[in-house]
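Visitor: From TrEMBL, for reference:
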ACT_SITE  His67  active site, proton acceptor
BINDING   Asp68, Val71, Gly73, Asp75, Ser77, Glu89  Ca(2+) 1 binding site
BINDING   Pro164  substrate binding site
BINDING   His194  heme b binding site
BINDING   Thr195, Asp241, Thr244, Asp249  Ca(2+) 2 binding site
SIGNAL    1-25  signal peptide
SITE      Arg63  site 'Transition state stabilizer'
Amino acid sequence: MANSLFPTVTVHFAFLLVFFGITSGQLSTNYYSYSCPTLLPTVKSIVASAVAKEPRIGASLLRLFFHDCFVNGCDGSILLDDTPTFTGEKAAKANNNSVRGFELIDQIKSTVEQLCPATVSCADILAISSRDGVVLMGGPTWEVKLGRRDSRTARRALVKKYIPTPSFNLSNLISNFSAQGFSTKDLVALTGAHTIGLSRCVNFREHIYNDSNIDAAFAMRRQAVCPRKSGSDDNNLAPLDPKTIMTFDNHYFKNVLRNKGLLHSDQELLTERYTASLVKFYSRNNDAFFTDFTSAIIKMGDLRPLTGRKGEIRNNCRRKN
Ligand code: HEM
Ligand SMILES: *[C@@H]1O[C@H](CO)[C@@H](O)[C@H](O)[C@H]1NC(C)=O
Ligand SMILES: *[C@@H]1O[C@H](CO)[C@@H](O)[C@H](O)[C@H]1NC(C)=O
Ligand SMILES: *[C@@H]1O[C@H](CO)[C@@H](O)[C@H](O)[C@H]1NC(C)=O
Ligand SMILES: *[C@@H]1O[C@H](CO)[C@@H](O)[C@H](O)[C@H]1NC(C)=O
């Protein structure tokens, strides 16, 4: 009796899994536990060697994840290369010659394909590796929810619509983040990502020459690497957080508090009482920054993932199958 019931129960259970587990759109931290048990340590060790070689790559991965998630959700769309018949997000103004880390994602993907063929999405590799980058640079850790699938499409125009620019004022920033479901507190905590990595002169020129809410000596130091006139120096780099350039900590907020934010948008956080109070709070309390950053970045990873039968598991992160 029990034996003859068993298959029915199994079939029902499988049906329930498909119905609620897979098509409900929910991500889970143990998604690849059975299908690719060594995924997490494999990704971590590749990111660790890359960060040891070039610490900035950790920052670049984090920004890549942000720019992927804010444009149509975390679906790996930013990774697609342009072709004669396809215009993706990569070369959009906010990304072109700016977002980086694609070669590292390729390297991780090809290793993971050998380990667990046709199983792990590029979108998930981005989510895992950006977390690993943050941890390796001294930041907080979190459990990455997984189970995203990769988009088969991308739209360049959406980058302009969703990715904030450094010339934005605070109300622009708040409205762009709230359009994705983020609170003003999430905005301030997430912008703390500017504790690591670099910016090009084109993105901070206006701020160091034309804004008055900037420390004068700091502005002069940056002007030395970023001449007023646009030209061959446009790609010159300066650290977003010069004190601890490649360490993920709350020093970014100390800079902003002292009018030493590199981007106009960074310094905007000080222009209203509520956001200024958060800047002050995080500048004094690293644990609070880590806690709020962690919950906001997990929320970012939940942005409109493709699950179930939507999208695909790409063979190569640069093109659809
Ligand atoms: C609040 C709105 C934001 C604006 C306007 C903004 C803008 C920028 C700009 C202009 C750069 C320099 C890019 C270049 O010059 O090539 C940059 C770098 C960076 N951004 Fe943001 N960002 C914002 C929010 C975020 C968020 C939410 C994250 C991640 C959670 C993030 C992570 C980074 C990182 C890590 C870098 C350094 C990348 C590297 O060195 O390769 N940013 N951002
Ligand atoms: C992206 O940058 C390259 C220079 O590296 C340039 O040739 C190309 O036209 C740019 N693409 C777009 C769409 O602006
Ligand atoms: C912010 O910029 C928008 C234009 O994008 C402008 O309409 C608004 O008045 C500005 N807000 C403040 C407080 O400066
Ligand atoms: C982001 O803000 C800019 C400037 O205020 C606006 O043009 C754009 O539509 C906003 N995007 C979203 C998705 O709210
Ligand atoms: C600063 O403002 C002046 C006057 O509005 C303008 O001519 C100039 O192009 C702006 N930008 C820089 C980098 O000086």
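Glycine too: its Cβ is placed from the backbone N, Cα and C atoms.
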Visitor: Can you give me the residues near the recorded Ca(2+) 1 site, meaning same chain, not Asp68, Val71, Gly73, Asp75, Ser77, Glu89 themselves, Cβ no more than 8 Å from the center of the site's Cβ atoms?
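Guide: Other same-chain residues near the Ca(2+) 1 site: His67, Cys69, Phe70, Asn72, Cys74, Gly76, Ile78, Ser151, Ala154, Leu158.
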Visitor: Near Glu89 (Ca(2+) 1 binding site), which residues of its own chain have a C-beta under 8 A away, given they sit six or more steps off in sequence?
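Guide: For Glu89 (Ca(2+) 1 binding site), the qualifying residues are His67, Val71, Ser77, Ile78, Leu80, Asn95, Ala154, Arg155, Arg156, Leu158, Val159.
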Visitor: Starting from the Ca(2+) 2 site formed by Thr195, Asp241, Thr244, Asp249, give every other residue of that chain whose CB sits within 8 Å of the mean position of their CB atoms, in sequence order.
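Guide: Output for this site, in sequence order: Ile196, Lys243, Ile245, Thr247, Phe248, Asn250, His251, Tyr252.
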Visitor: What's the CA to CA span in angstrom from Pro164 (substrate binding site) over to Thr195 (Ca(2+) 2 binding site)?
Guide: 18
Visitor: For ligand 1, list the binding-site residues among Val71, Asp75, Ser77, Thr195 whose CB atom is within a distance below 6 Å of it, in sequence order.
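Guide: The ones that qualify number zero, so the answer is none.
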Visitor: Would you mind pulling the DSSP three-state label for Arg63 (site 'Transition state stabilizer')?
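Guide: SS state of Arg63 (site 'Transition state stabilizer') = helix.
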Visitor: Kindly assign Glu89 (Ca(2+) 1 binding site) to one of the three DSSP-derived states: helix, strand or coil.
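Guide: Looking at the DSSP assignment, Glu89 (Ca(2+) 1 binding site) belongs to neither helix nor strand, so coil.
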Visitor: Please report the Cα separation of Thr244 (Ca(2+) 2 binding site) and Asp75 (Ca(2+) 1 binding site) in Å, rounded to an integer.
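Guide: So the alpha carbons of Thr244 (Ca(2+) 2 binding site) and Asp75 (Ca(2+) 1 binding site) sit roughly 32 Å from each other.
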Visitor: Including all protein chains shown, what's the count of other C-beta atoms within 10 A of the C-beta of Asp75 (Ca(2+) 1 binding site)?
Guide: 28
Visitor: Between the recorded positions Arg63, Asp68, Gly73, Asp75, which lies closest to Thr195 (Ca(2+) 2 binding site), Cα to Cα?
Guide: Arg63
Visitor: Please report the Cα separation of His194 (heme b binding site) and Asp241 (Ca(2+) 2 binding site) in Å, rounded to an integer.
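Guide: Cα-Cα distance, His194 (heme b binding site) to Asp241 (Ca(2+) 2 binding site): 7 Å.
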Visitor: Comparing the binding-site residues Gly73, Pro164, which residue's C-beta has the most other C-beta atoms within 10 angstroms in this structure?
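Guide: Result for the most crowded candidate: Gly73.
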Visitor: When you rank Arg63, Asp68, Gly73, Asp75 by Cα distance to Asp249 (Ca(2+) 2 binding site), which of the recorded positions ends up on top as the closest?
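Guide: Nearest candidate: Arg63.
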Visitor: With a 10 Å radius around each C-beta, find which of these binding-site residues (Asp68, Asp241, Asp249) has the fewest other C-beta atoms nearby.
Guide: Asp249
